[in-house]
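According to TrEMBL:
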DOMAIN    A:18-256  domain 'Glycoside hydrolase family 65 N-terminal'
DOMAIN    A:321-708  domain 'Glycoside hydrolase family 65 central catalytic'
BINDING   A:TRP356, A:ASP357, A:LYS613, A:GLN614  substrate binding site
ACT_SITE  A:GLU499  active site, proton donor
DOMAIN    A:718-774  domain 'Glycoside hydrolase family 65 C-terminal'
2 protein chains.
Amino acid sequence: MISYSRGKGNLENWVVSEELFQPDSLGKSEAIMYLGNGYMGLRSAAEEPYMKEVRNLFANGTFNKAGENEVTELPNIADVTRLDIRIDGDRFSLEFGKTKEYIKQLNIKTAELMRSFVWTSPKGKVLQFEFKRFVSLDNLHLIGMKMFVKSLTDPVHISFDTGIDAQMSNSGAQHFLEGERRIFDKKDIQLIQTTRESKIDVVISSTHKVFVNDVESINEPEMNMARRKVWLTYNIKLEPNDRLEVEKLTTVYTSRDNDLDFTEYTTRHLREKSLSDLRNCAIKGYESNFQLHKEAWNNLIWSSYELEINSENPYDLLALRFSLYHLTIMAPAHDDRMGIAAKGLSGEGYKGHSFWDTEIFILPFFTFSNPAVAKSLLTYRYFCLEGARKKARENGFSGAMFPWESAWPPDGEVTPNLGDIDIVTGEPTKIWSGFIEQHISADIAFAIYQYFNVTADQEFMNHYGYEVIFDTANFWVSRLEWNEGKQAYHINNVIGPDEYKEHVNNNAFTNYMVFFNMKLAIRYYETLMKEKPSILKKLITKFDMNKAYSLWKAKVGKIYLPQPRAEDFVIPQDDTYLTLKEIDLTKYKNQKKLRTIYRDYNSEQINAIQVTKQADILLMLYLLNQTFISEAVPLSNAVKEANFYYYERKTLHDSSLSLSTHSILASEIGDTDLAYSLFRKATEVDLGPRMDTSDEGIHAASIGGIWKATVFGFAGVRVVDGKLRINPKLPKQWRHLKFKIHWQGQPITLVLSHTTFSIKVENKKKIEFELNNHIYECDDVLNIDFEYING
Amino acid sequence: MISYSRGKGNLENWVVSEELFQPDSLGKSEAIMYLGNGYMGLRSAAEEPYMKEVRNLFANGTFNKAGENEVTELPNIADVTRLDIRIDGDRFSLEFGKTKEYIKQLNIKTAELMRSFVWTSPKGKVLQFEFKRFVSLDNLHLIGMKMFVKSLTDPVHISFDTGIDAQMSNSGAQHFLEGERRIFDKKDIQLIQTTRESKIDVVISSTHKVFVNDVESINEPEMNMARRKVWLTYNIKLEPNDRLEVEKLTTVYTSRDNDLDFTEYTTRHLREKSLSDLRNCAIKGYESNFQLHKEAWNNLIWSSYELEINSENPYDLLALRFSLYHLTIMAPAHDDRMGIAAKGLSGEGYKGHSFWDTEIFILPFFTFSNPAVAKSLLTYRYFCLEGARKKARENGFSGAMFPWESAWPPDGEVTPNLGDIDIVTGEPTKIWSGFIEQHISADIAFAIYQYFNVTADQEFMNHYGYEVIFDTANFWVSRLEWNEGKQAYHINNVIGPDEYKEHVNNNAFTNYMVFFNMKLAIRYYETLMKEKPSILKKLITKFDMNKAYSLWKAKVGKIYLPQPRAEDFVIPQDDTYLTLKEIDLTKYKNQKKLRTIYRDYNSEQINAIQVTKQADILLMLYLLNQTFISEAVPLSNAVKEANFYYYERKTLHDSSLSLSTHSILASEIGDTDLAYSLFRKATEVDLGPRMDTSDEGIHAASIGGIWKATVFGFAGVRVVDGKLRINPKLPKQWRHLKFKIHWQGQPITLVLSHTTFSIKVENKKKIEFELNNHIYECDDVLNIDFEYING
């Protein structure tokens with residue numbers, strides 16, 4: 001039971017609420033309401049424990065391999081949020097007694113979790129509870145928690161255990177070697193542990209303040225320790241209407257942090273840092289720390305992005321804010337050695353690894369809205385080059401073959417080789433994506449191209465960008481397969497974006513993206529040769545630039561680029577797709593659950609049907625449209641429409657990456673109603689009412705897609721070969737849309753309605769843009785009336 | 001709420017029952033009702049999960065180090081007993097709804113766990129549940145489980161998950177590398193994993209049968225896998241009075257097993273063995289497997305030990321049977337590379353390590369009742385010699401210095417170096433016992449001496465026994481410290497059995513036991529020199545026998561042996577004990593909880609008070625009384641009495657090892673009422689009504705002590721320097737006592753009452769024994785009337 005309309009007044013459309021406690025459906029609110037700040041992510045499990053809870057705390061970048069045969073993953077650090085509460089000696093749980101007025105809320109504006117209810121104990125005592133929690137955006141190391149309890153009817157004895165519990169694991173995989181536990185001054189607790197293989201120290205420190213009727217309690221708690229655990233037990237007697245208030249502040253530090261100011265790292269320094277930071281925070285107190293956090297959210301996020309939607313469905317604005325909230329907390333803006341995980345920092349799913357999801361679905365938001373973060377994320381890919389080269393070598397190729405899944409940069413490919421055992425044959429299933437889902441290298445090249453076009457960040461290109469584009473082109477050169485019969489370069493045995501088709505030849509998406517990647521390399525090489533040959537020279541230590549260039553030139557023109565069928569303009573997704581059996585997919589498209597097709601067909605059978613898991617050809621059309629190779633590609637409206645309707649019918653959207661692309665394409669071809677309906681579905685991947693969608697974590701790419709479908713789809717913003725183009729296609733439900741993007745280093749604010757367009761150029765540097773096929777210039781504010789110009 | 005009188009008819013005094021389900025007190029019945037067979041131990045957690053449960057399955061000997069800074073421990077293998085049951089979709093738990101007629105029972109006779117109740121769901125449906133479980137003594141690899149459910153009032157939809165869950169850990173320490181999970185034929189599930197450091201493969205396989213009204217269900221279960229987990233989900237519809245019956249059989253195999261019949265070990269062989277054994281068991285079905293198990297218990301245990309007590313407190317017989325039950329399931333009778341853990345196989349406490357507990361408190365039962373197991377346990381110590389020699393070398397000594405804590409024989413000392421952090425100073429506390437609690441080497445020598453005296457197993461001595469005795473004597477030679485002033489050998493800076501006194505000099509227990517150990521070596525050497533010099537010669541590869549002998553001879557006479565004080569015959573426990581402050585200990589002796597003295601004093605203060613944790617001087621008197629050095633020791637009744645009353649007043653029995661020794665001594669000095677009261681307290685360490693005594697596991701030494709207090713105390717059986725002596729001191733509550741011991745390879749059955757004594761010599765080989773200072777001979781049956789002979 002998720003509701004969207006509980007925020008009132010200045011919190012309207014800022015609040016996601018769970019209105020019913022369901023002990024069998026805990027994952028939803030734990031994941032979609034998780035707290036974080038890019039440095040760490042804290043899953044929003046309840047304070048009191050439940051059987052089916054998943055209690056996660058992740059610190060970005062702290063990857064570790066749990067065992068020899070396992071791939072590296074983000075360890076579940078420890079729990080600091082659990083409170084074992086006893087009321088008159090009996091365990092408190094919402095599974096007992098009676099609960100009224102239950103509400104659990106994520107306040108997106110203040111990035112605060114709140115939970116409250118009135119609870120009648122099995123013995124008939126009535127208590128009012130409220131819990132609050134935040135993970136500071138002001139001090140990335142800080143977690144704040146607060147509990148209020150009021151006894152409404154009876155004297156009551158409340159006791160609770162609160163501490164640091166490192167008995168946690170990743171579904172049984174323990175990443176940490178046990179370390180020291182300490183209690184300082186009978187109140188500050190600390191736990192140190194070290195990852196087993198990567199040897200990262202993690203120090204967690206917590207401190208408490210307890211108030212009864214606003215008077216700080218001086219009762220000393222009981223001090224307890226067990227293996228991998230340290231905790232305090234408080235015992236409080238409340239008279240009717242007495243008000244208990246407990247504040248807990250926790251700091252998390254790791255030896256991987258890039259903000260440590262010691263000249264030489266030692267664990268002792270880290271523990272002292274952690275403790276001194278904790279004590280400084282404690283002096284300020286919970287409320288002041290929370291104020292600083294709130295201001296950070298306001299200044300860095302909400303004031304900065306200036307997003308507004310006036311929709312007849314207020315949910316839409318909430319969904320966009322939800323998207324921005326999650327994009328903020330998932331991104332390690334503080335450290336360019338870290339990427340964004342497919343589940344953000346909200347769950348164990350996909351082990352904290354980064355996929356192409358970042359570049360194609362998430363990065364565009366940052367490139368347009370917060371280029372510094374985009375730069376950091378692309379710099380991460382630059383640091384991954386070493387692993388990409390290693391992967392290329394190991395697979396018999398040259399250049400940089402980017403890992404399908406990435407973790408800590410030097411790790412290289414971290415996709416597991418084997419998946420779950422096929423429960424019928426008993427054999428482990430091979431995971432092919434780490435070997436043959438190769439388009440990611442071109443996707444990264446595309447993302448750098450897009451970043452450079454939008455930001456004009458030449459320095460990034462000089463240091464990082466060119467090298468990635470050149471060396472991915474080098475990879476493709478070695479990857480192309482000469483087909484003597486066709487006198488063309490083919491790319492065989494790949495998986496394209498549509499993962500329902502494994503081991504295909506000439507996946508159109510892949511071939512076109514490779515073509516683009518190599519063309520881009522050639523183009524940049526030629527420009528640099530003319531304008532900045534020193535940049536090229538520097539790269540000579542990495543590979544032979546001249547030879548590379550001549551190979552790109554020699555091969556790029558002969559890459560096989562599948563063309564639309566004459567009869568219906570449909571571009572074949574791969575060599576065989578259009579020859580496969582067609583079946584009636586209505587049933588699977590209308591079902592509420594994903595992947596229901598597996599109930600009737602197994603993987604092999606699905607491979608032989610014209611059915612697509614997720615956007616593939618359509619994604620290609622969307623991406624290529626933004627490039628300078630659009631002439632080499634059939635991108636007429638007729639082709640777009642033909643392919644959209646052909647493939648949309650075949651696409652089950654069984655991947656969370658799919659809907660937003662289809663929404664954008666639907667906007668592009670003018671089917672705004674369908675675009676809006678697809679957008680709504682995309683927002684519902686996590687935010688929707690289904691209670692089991694997000695158990696393993698939120699869908700970061702889908703969340704990026706919400707913003708994309710809005711700005712690229714409805715606002716029609718596009719950068720095409722370096723030129724800003726805006727073709728708004730506002731859905732009829734939306735009255736106006738306001739957002740801010742960064743264009744060539746300058747923030748510009750756009751306000752759209754069905755009849756008007758306004759642009760404000762913040763730094764008053766003149767820009768040029770195309771709006772509905774008219775070219776405009778602006779160096780301040782420009783208001784345009786569509787009816788006037790079109791009429 | 002533990003009750004002792006629920007067994008009726010032929011189950012009278014065979015059943016331990018828990019009559020109230022208390023979700024906060026789960027540990028008691030989990031531990032004291034745990035199931036096992038020496039090969040493995042299965043903690044008796046409920047099928048449906050609870051927050052505070054501890055779900056353990058241990059396989060003896062599968063030691064592994066979880067991390068570099070940790071000591072090796074027995075890993076918690078996996079869970080196979082948990083059933084996640086849903087009634088009409090809602091989680092079943094006794095914390096919800098209403099429970100009537102709850103009972104959880106350990107049937108000691110059949111070594112079977114049973115739990116039953118009538119449960120009314122929150123929706124008002126009434127169901128009858130019964131669960132049964134056994135760990136087979138017939139097939140050591142087999143676990144059987146059964147669930148009955150009957151819907152009494154309504155149609156009901158019951159579904160349950162049942163599988164193998166290897167997400168378990170030892171309080172967060174994960175010992176296993178993840179392995180394969182399989183499902184065979186859509187019903188047999190299997191999970192393989194390998195210990196991280198010791199590389200032991202563990203294969204667990206389970207199969208199910210489901211019956212409704214005795215008809216086997218052919219519905220296929222849902223098949224599920226997750227990380228380190230594989231499980232099946234069954235969905236059953238029951239009409240009122242329908243009866244669901246589920247059987248689950250599980251086999252456990254490890255690569256450490258000594259009963260594998262492959263010529264060459266491979267994991268594949270092991271998994272096939274595990275599966276084929278499972279399938280053979282499945283063909284027999286649950287009931288037949290249970291019958292075989294029951295027969296094994298009857299034949300190997302109950303018929304063999306022939307224990308009977310007629311007491312006015314029937315509980316006493318139950319307690320003895322409880323003792324025999326636990327002694328059976330804790331002992332790895334199948335494998336002489338394994339010892340007995342201080343908590344048996346019932347919990348994580350003490351990490352599965354073996355202490356002196358085995359030799360002094362547990363082994364006597366086996367030596368007298370089942371010498372084959374005693375031999376296996378002493379052979380384990382022989383295999384530990386390598387580690388003992390290593391420990392001696394590392395500590396700057398010669399010979400064999402046995403580890404205070406032992407695990408896998410080559411591991412040597414495995415006592416942790418550091419304990420919990422002192423919560424006040426924040427510093428970790430040093431655990432000294434691994435360094436200075438040294439008497440264990442002499443304790444082992446004593447146990448071998450006792451074993452040889454009782455069994456006359458010359459072959460064991462030739463192969464194993466002599467070497468241990470000689471090389472422990474060698475250790476002591478190197479350990480003795482010459483005191484120039486006193487012109488005597490001292491042993492300084494030790495911990496004796498009384499662990500409330502650390503770093504003492506000349507702990508009487510230690511000095512006397514060392515004296516005995518060296519005397520014994522001399523004696524055996526001299527006998528062998530005369531009778532079997534070849535045995536001595538064989539040992540020359542290990543150490544210089546002649547030199548060793550001359551050193552023993554040269555030093556043994558100069559060992560300082562503390563003498564009784566002239567004024568009151570009290571033997572000083574160590575050099576300073578009798579000079580320490582005396583305080584009123586009444587308060588601590590009368591409290592129900594252990595170690596309450598720590599509420600008023602810290603360790604350092606306790607070290608300076610005349611207070612004793614556990615039997616020390618009294619244990620010494622009891623042990624030395626059985627040896628040939630009794631002339632060198634003051635062992636008159638006056639000395640015994642003086643020391644008993646002196647030290648009993650100072651002893652808090654804060655160790656579970658203490659009470660049985662005091663009970664024996666009380667018997668010995670004729671204070672039978674006190675002996676009986678101490679015996680009762682000893683039985684209550686685990687079996688008593690306090691619900692938190694056994695959370696971390698049962699107390700193996702205390703359980704051995706129950707038998708000792710009976711046979712050595714009340715029956716007054718003793719072997720003194722090779723001669724069997726019986727001085728019965730039956731408590732007035734007991735009308736008769738019957739038990740069987742093995743004497744010189746021959747079973748003899750003893751029946752005692754206050755007025756009669758009867759002995760039956762099974763193999764009709766003539767034996768000699770002393771009864772109440774009269775010498776008797778017997779080669780068949782002898783009945784003696786005390787009143788007649790004394791009158």
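Yeah, the Cβs are placed from backbone N, Cα and C, and that goes for glycine too.
The structure, with features from TrEMBL marked on it.
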{"residue": "A:TRP356", "record": "substrate binding site", "contacts (Cβ under 8 Å, 6+ apart)": "A:TRP404, A:HIS439, A:ILE440, A:ASP443, A:ILE444"}
{"residue": "A:ASP357", "record": "substrate binding site", "contacts (Cβ under 8 Å, 6+ apart)": "A:ILE340, A:ALA342, A:LEU657, A:ALA700, A:ALA701, A:GLY704"}
{"residue": "A:GLU499", "record": "active site, proton donor", "contacts (Cβ under 8 Å, 6+ apart)": "A:SER433, A:GLU437, A:LYS613, A:GLN614, A:SER655"}
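Maximum C-alpha to C-alpha distance over the listed substrate-binding residues A:TRP356, A:ASP357, A:LYS613, A:GLN614 is 16 Å. In the predicted model, the domain 'Glycoside hydrolase family 65 N-terminal' (A:18-256) has a mean pLDDT of 96. According to DSSP, the secondary structure content of the domain 'Glycoside hydrolase family 65 C-terminal' (A:718-774) in residues is 0 helix, 37 strand, 20 coil.
For the recorded substrate site, residues A:TRP356, A:ASP357, A:LYS613, A:GLN614 set the reference point as the centre of their Cβ atoms, and the other residues of that chain within 8 Å of it by Cβ are A:PHE355, A:ILE360, A:PHE361, A:PRO497, A:GLU499, A:ALA615, A:SER655, A:LEU657, A:SER658, A:ALA701. Of all the Cβ atoms in the protein chains shown, 21 others lie within 10 Å of the Cβ of A:LYS613 (substrate binding site).
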